[in-house]
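Q: These came from TrEMBL, pasted as-is:
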TRANSMEM  20-45  transmembrane segment
DOMAIN    37-279  domain 'G-protein coupled receptors family 1 profile'
TRANSMEM  57-83  transmembrane segment
TRANSMEM  95-116  transmembrane segment
TRANSMEM  137-158  transmembrane segment
TRANSMEM  164-184  transmembrane segment
TRANSMEM  216-240  transmembrane segment
TRANSMEM  260-279  transmembrane segment
Amino acid sequence: MNSSTKCKFLYPEVDGNYGQLPIIVFTSVSMCISIPGNIITGLTILRNFKLRSEPAYLLICSVCVADTLVGAAAQPFLITATVLGMKRSCILDKVYFVLAWLSSCASTLGVMTITIDRYLYIVHPMNYTILMTQQRATIMIFIVWFTSLLFATMPIIYYNMLALHITALSVFIFITSFMTYTYGKVYFKLKVPSTSLPFSRIHGRKTKVRTQASRTILMVVIGFFGCWYPWVIISLLVAISKQQNSSKANITPSSFIIKLYWIFLTLGYSNSALNVFIYSRKNTILRKAVEKFLGLKIRNSTIVGYSLEKEETKKSKLNESKSTMADLTDLCRRFAKLNRVYPQKLSNKQVNSMEVNNYVERTDSICKVDAAILNSSLIFLKTY
């Protein structure tokens, strides 16, 4: 029995007559977006102490590593398979299988861990810091990659058992179904109005931030489903048909279902590039961190950029100090006015609330004060 017969595995053989160029071009563009985008996002999280201290961003970094592996390993093999055909090399077939399943499983399980993190953050906000810590996030990342490696390497021993591939795809469907259920709980939790009305204003901003973060993860999940589920359905159809009887199923490289298979597989791999756009557009904190990281890298690469960066840093510090002095002076003047006009009628809470409401009304000209007036202003503020 020759090698091409032994390599009857879930991925069908490639026929060179159904349009290789669109798949090659689309995959190449996706690689050019996925590899640098995910590397920059991952490095931004690892270099930023605040971001890498948050469990959610550690999980995002794990997904970035998986998506980078998709673009750097799985997609080049897809182009090779499209041009040469899997049936020409059994070893190449197995290597592609391992890399494809390792990267796709790590990305799938990574998105699932992010969904669990958002579920705990929104449904159980009081216990989130106890349930989700940096150490537990690291353990989850280790489990994700160990499980992905297990899924990718164990079928090599039973390479020709299509039932094993069907089981792997069934597990994939179970994971995505669990993600759908979890995010459904998150969605209904956000839709239910809060019953603690006295604290609604206090927690209003936190709720808004939670909602924005959850919308970002919702877009990640929807993008994941839209990219990968068509391929999963086609793969199940091909696997079941081959397991029953390939001759009756009439599955050939030129059949319509095989054409859909390779188109949907290309679409699934493009999910690694889609996540970069979702993170950079919707996650404000991560977007600003990436912009700062890129700005520092670009400016530090030239002498002129480095000097401009130092000059802008000095100007920003000077402007911050001037703004702080002006704010304290303006605040002191308002307190002094209130103290002269209403010495007996206003309590501390009334003064503070009135000052907070009037603080937003800036005057056009702010008087310059020296250090003595500033110190007296601070002493005056401490008394109230």
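Cβ from N, Cα, C; glycine included.
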Q: Of the stretches 20-45, 57-83, 164-184, 260-279, which racks up the most C-beta pairs under 8 Å with the transmembrane segment (137-158)?
A: 57-83
Q: Using a cut-off of under 8 Å between C-beta atoms, tell me which stretch among 20-45, 57-83, 95-116, 216-240 contacts the transmembrane segment (260-279) the most.
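A: It is 216-240, which has the most Cβ pairs under 8 Å.
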Q: Can you tell me the mean pLDDT for the domain 'G-protein coupled receptors family 1 profile' (37-279)?
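A: Across the domain 'G-protein coupled receptors family 1 profile' (37-279), the average pLDDT comes out at 77.
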Q: Based on Cβ pairs under 8 Å, which of the stretches 20-45, 95-116, 164-184 lies most in contact with the transmembrane segment (57-83)?
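A: Checked against 20-45, 95-116, 164-184; highest Cβ contact count belongs to 20-45.
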